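Presented below is the structure to which this report refers.
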Amino acid sequence: MVPVVALVGRPNVGKSTLFNRLTRTRDALVADFPGLTRDRKYGRAEVEGREFICIDTGGIDGTEDGVETRMAEQSLLAIEEADVVLFMVDARAGLMPADEAIAKHLRSREKPTFLVANKTDGLDPDQAVVDFYSLGLGEIYPIAASHGRGVLSLLEHVLLPWMDDVAPQEEVDEDAEYWAQFEVEQNGEEAPEDDFDPQSLPIKLAIVGRPNVGKSTLTNRILGEERVVVYDMPGTTRDSIYIPMERDEREYVLIDTAGVRKRGKITDAVEKFSVIKTLQAIEDANVVLLVIDAREGISDQDLSLLGFILNSGRSLVIVVNKWDGLSQEVKEQVKETLDFRLGFIDFARVHFISALHGSGVGNLFESVREAYDSSTRRVSTAMLTRIMTMAVEDHQPPLVRGRRVKLKYAHAGGYNPPIVVIHGNQVKDLPDSYKRYLMNYFRKSLEVMGTPIRIQFKEGENPYANKRNTLTPTQMRKRKRLMKHIKKSK
């Protein structure tokens, strides 16, 4: 499971600046959920190939009423949901009562916490952090987030060792095995008996959506009708439950972000929305079922979730729930709204269901299998190059500075989502419109459905770049004669 790192501290200690450094963004709006996470922002970050989710919390005022009552509710939730906390203090302002109150609260939670002293630029770091040792949180890590100083050291000496301890990399790298086997097939070598086959693995299926759209009802409907072997496998400390199941002789692992509950116990008060559980489920899944309430339509929260799914490259099936009981006129209006607001993801299947009564639920798995098969299918270099050539013949690349962009060949670069790597000259100058044309052409030719497809471009190396031609003695004499002739003609 992807680790979660929360940044907490008083207002204006530099949390958002560090957040932007870690997520490599400027506006910190990587996966923002308006109305639910007013003062929490979420982003995907990476250090040496290890991914983690970073939370930027709102400032904590630490008034005399105490942290427990005055701390922003969203910041409290962020601390509870995080695996590790980076507690930030302002080295310029020095130790404040609010810092002591926050430290007391963090100690009571017994959460792994690292103390980070920001704004140490222009100061003696050792002298600036002395007072903060009284907080009793161990070693202090001085940084200057605005200039990036000390941030890399913080990642390498704090976060990386911590992630290696609590979330070691899996011994089996599915992607590496997949492409190793692909290379064996490309070279015509005989495959070993224990080949990696994506079809032999269970499909990890996450059901996500806003509160009260029917996620738990759909989960229980699926398990109630098709339960074969079900037992709870806690995946993390956060209540996400992995439920093995089988349907039509195909194994699945259902990632339930709301927890498995008896139908009678599902109430509005109980089914609370957890952003972190949802983001982790999306990251860990092969296919995501995005559940939308037909009666409420598509909200900004739905679009934010959708954006995170697309950025993660996960396969997608859209489920419009509570379809029963709507008049034909309302149904037509809902479909028009879907076409208008979701027209940019025409690759995803849309299902209209009633999780409560079970209508349409059985058809979901056909789309889930289709999306998974599309995202894990191996395609040869010859096939991809042939499709690229056909696309170029149908619509030539544009001219750049009087020369036509040349695409040479294409090959596979990854799966889940499928990645096509195209090599050529001047590809960096290709306009976005032509890149979209190529993406749609590959999607149509490969009949990819249910999964985004990504195209990466690589520039061909110029063997003469940064090289100067050395003239031979004969060429030098010829050049001198030519220069004399030019001077005389003047």
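From the backbone N, Cα and C atoms, a Cβ is placed for every residue, glycine too.
As recorded in Swiss-Prot:
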type	residues	note
DOMAIN	3-166	domain 'EngA-type G 1'
BINDING	9-16, 56-60, 118-121	GTP 1 binding site
DOMAIN	203-376	domain 'EngA-type G 2'
BINDING	209-216, 256-260, 321-324	GTP 2 binding site
DOMAIN	377-461	domain 'KH-like'
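Sequence features annotated in Swiss-Prot and their locations in the structure.
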{"residue": "Gly9", "record": "GTP 1 binding site", "CB count, 10 Å": "26"}
{"residue": "Asn12", "record": "GTP 1 binding site", "CB count, 10 Å": "12"}
{"residue": "Lys15", "record": "GTP 1 binding site", "CB count, 10 Å": "26"}
{"residue": "Thr57", "record": "GTP 1 binding site", "CB count, 10 Å": "27"}
{"residue": "Thr120", "record": "GTP 1 binding site", "CB count, 10 Å": "24"}
{"residue": "Gly209", "record": "GTP 2 binding site", "CB count, 10 Å": "24"}
{"residue": "Asn212", "record": "GTP 2 binding site", "CB count, 10 Å": "17"}
{"residue": "Lys215", "record": "GTP 2 binding site", "CB count, 10 Å": "26"}
{"residue": "Trp323", "record": "GTP 2 binding site", "CB count, 10 Å": "20"}
Expressed in Å to no decimal places, the gap between the Cα atoms of Lys15 (GTP 1 binding site) and Lys215 (GTP 2 binding site) is 33
The correct three-state DSSP answer for Gly209 (GTP 2 binding site) is strand
Whole-Å Cα distance, Gly209 (GTP 2 binding site) to Thr57 (GTP 1 binding site), is 22
Nearest by Cα to Asn212 (GTP 2 binding site), of the binding-site residues Gly9, Asn12, Thr57, is Thr57
Across the domain 'EngA-type G 1' (3-166) the predicted model averages a pLDDT of 79
Using DSSP three-state counts, the residues of the domain 'KH-like' (377-461) come to 32 helix, 26 strand, 27 coil
Nearest by Cα to Trp323 (GTP 2 binding site), of the binding-site residues Gly9, Asn12, Thr57, Thr120, is Thr57
